[in-house]
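Participant: Just dropping this structure here.
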Amino acid sequence: MKKMTINDLIKWKQEGRKFATSTAYDASFAQLFESQEMPVLLVGDSLGMVLQGKTDTLPVTVEDIAYHTRSVRAGSPNCLLMADMPFMSYATPEQACENAATLMRAGANMVKIEGGDWLVDTVKMLTERAVPVCAHLGLTPQSVNIFGGYKVQGRDQEKADRMVKDALALQEAGAQIVLLECVPAELAARITQVLDVPVIGIGAGNVTDGQILVMHDMFGISANYMPKFSKNFLAETGDMRKAVAQYMAEVESGAFPDEAHTIA
């Protein structure tokens, strides 16, 4: 597997080539994903729930993400590695730069931050200082207490239009990837079409340029809850490597997510 860069993903978008991504948290699973040539991995703050047993992502720290970023980088030297910026680690642009530097030194190629156009100055400051950014829109789990739970975002026209404007503003500020979570497929398609940068979806239909799943959902080992948009690929294959290969193949062909795993 060759070393992946953002330029590869931009080229794939231009060519109409879809790609699959996953969360990862340790060297062993990162090595498994690399063996199947998974192009992008995310050290997600979802580790707070799937590894630490918390009820949400808010307790996760920069140090937690940095530790797991080092582990994943050791197992997958060639993936494009994104690292989540945890809750309140980017409240100001200056704070974001300091914490992003920690994650980049740990082996990340890009940081992911949650929020809309209020992050424009932060994205500008990060990218001007050589930190690539993935902007996360839609259901942003760090805002669970504002949303009143994990709910689909962008159903009404006003909120959908706002999300499109946010995506364009963040792209203009320098974001090189946009991640959409739990938004109607029609809205995800609209955003994917208007942006030049790659769009990765989770619970956002199959029109986005890429898809991402939480690793534990892909293997059917999440403790309490399987989201509608997730699929247990291990149950169908009985082998983790085959499960990853099937997930990637179904994303690349457009077979996943199908209607049963899509939010209308």
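Note: Cβ is positioned from N, Cα and C throughout, glycine not excepted.
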Participant: Of GLU15, GLU114, GLU128, which one shares the Mg(2+) site with ASP45, ASP84 in Swiss-Prot?
Facilitator: GLU114
Participant: Helix, strand or coil for ASP45 (3-methyl-2-oxobutanoate binding site)? Use DSSP.
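Facilitator: Reduced to three states, the DSSP call for ASP45 (3-methyl-2-oxobutanoate binding site) is coil.
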Participant: Roughly how many Å separate the Cα of LYS112 (3-methyl-2-oxobutanoate binding site) from that of GLU181 (active site, proton acceptor), to the nearest whole number?
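Facilitator: GLU181 (active site, proton acceptor) has its Cα 13 Å from the Cα of LYS112 (3-methyl-2-oxobutanoate binding site).
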Participant: How many other Cβ atoms are found within 10 Å of the Cβ atom of SER46 (3-methyl-2-oxobutanoate binding site), counting all protein chains shown?
Facilitator: 22
Participant: If you count the other Cβ atoms within 10 Å of each Cβ, which of the recorded positions ASP45, ASP84, GLU114, GLU181 comes out on top?
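Facilitator: Comparing the recorded positions ASP45, ASP84, GLU114, GLU181, the most crowded Cβ belongs to ASP84.
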Participant: I need the CA-to-CA distance for ASP45 (3-methyl-2-oxobutanoate binding site) versus GLU114 (Mg(2+) binding site), whole Å please.
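Facilitator: Approximately 11 Å lies between the Cα of ASP45 (3-methyl-2-oxobutanoate binding site) and that of GLU114 (Mg(2+) binding site).
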Participant: Quick one: give me the count of other CB atoms within 10 A of the CB of LYS112 (3-methyl-2-oxobutanoate binding site).
Facilitator: 24
